[in-house]
Amino acid sequence: MNSDQLAQRVSTSYSSPWFKVSVSFAFPTWGSKAEADAKVPVVKMSSADNMSELLLSKSVLDTVPLASQTTNPTTSNKPPPPTPASTVDRVIAILFQLYLSKPPASRSFAVFNHNNEVVYPQFAFPLRDEIIPSWLAIFLGPFVPVVILVLLQLYVRSFWDANNAIFGVLYSLSNSVVFQVIIKWLIGGLRPHFLDVCKPDLSLAKTLPPHRSAYIASGFNNMYYTREICTGDPRQINDALSSFPSGHTTAGFAGFVFLSLYLNGKFKIFSHQHTQLWKLHLFYAPILVATLIGGALTIDAFHNWYDIVAGAAIGTTMAFSAYRMTYAAVFDPRYNHIPLHRNRPFDYDAIVPSNSGLTYLDHSRL
């Protein structure tokens, strides 16, 4: 770098993140002989508060843009375009806010009939502690499958396989969460312990102003009410109105069904030959865990059976989609163990038989 280039660089206006001011560099004469030998110029930095002198090395000067590379002042204040990471953060924030927000007033319910009997006993269960709390479901859904997938790399020994497997679980869970949160907030439903949480007071239907009692005491024999007659904890009421679908079951099936598909791909359980019985047990073990997670929700009366079925359907669908997205096939034993490349299409004709199974012609990404 010659002195002209240095002069052009140093005289350029530069915004320093440390000073948060517009900094102007001026290339002075060399100082002492030691400085001249080291070719370290003394740079004067002028700010609104003081005047200081710093010794900047060539590597620091290289960070100062040339005059031709400076940003147009009219466009310097424009925000940078959103990155994929920032977009994901915003989506997660929106979904979390939906999860915590009050559900839409779209549910009416009956309490007593004309004989003063509870109309829907299936919504009158007592509120109990969850057998599998939310924090444990969050741990079981993603972390247990990922830990097992990592341990299986002692057998597989492939970085790309581990990469696709872990990201496949995350794809399955993230899409399941998106579906589950949106459906739960927009549609929802009554939990089996709803009436115990609501603690309805039917006399409130006569005291509410007209604009709040449009749907209170309506329907046949004025049997149906809305949440305005509830006297319980508002947070518990919001949760009791968001039963459909089951989030625990959705996360469980999204993670463990993906794990079952991965085990099938590696151990060739459903292949063109009679396999050992223990492999079949191995395939269904993760599905059993996911089923137990959903079944526990009927014991503690946190979900109805149809909430669990819907959650299982969502999680299973996302698991199949995520596995096919990251591997060459789902059940075809010739290809379902091969992780896909992000930027290169998979060539099914490039697979040749070998003594150890099926191999890429270039022996890559297996």
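Glycine too: its Cβ is placed from the backbone N, Cα and C atoms.
Because TrEMBL annotations are produced automatically, they should be read as predictions rather than curated entries.
The model shown is predicted, which means the values in this text are computed figures rather than measured ones.
Look at TrEMBL and you will find 135-156 (among others) tagged as transmembrane segment.
According to TrEMBL, the domain 'Phosphatidic acid phosphatase type 2/haloperoxidase' annotation covers 164-323.
Among the features that TrEMBL reports, transmembrane segment is placed at 168-187 (among others).
Feature annotation from TrEMBL assigns transmembrane segment to 247-265 (among others).
Sequence-distant neighbours of the transmembrane segment (277-299) (same chain, 6+ residues past either end, Cβ-Cβ under 8 Å): 130-132, 137, 140, 144-145, 246, 248-249, 252-253, 255-257, 259-260, 263-264, 267, 269-270, 305, 307-308, 311-312, 315. The annotation transmembrane segment is assigned in TrEMBL to 277-299 (among others).
Per TrEMBL, transmembrane segment is recorded for 305-323 (among others). Through the fold, the transmembrane segment (305-323) approaches residues 168-169, 171-173, 175-176, 179-180, 183, 189, 243-255, 257-258, 261-262, 290-291, 294-295, 297-298, 330 of its own chain, all at least 6 residues removed from its boundaries and within a Cβ separation under 8 Å.
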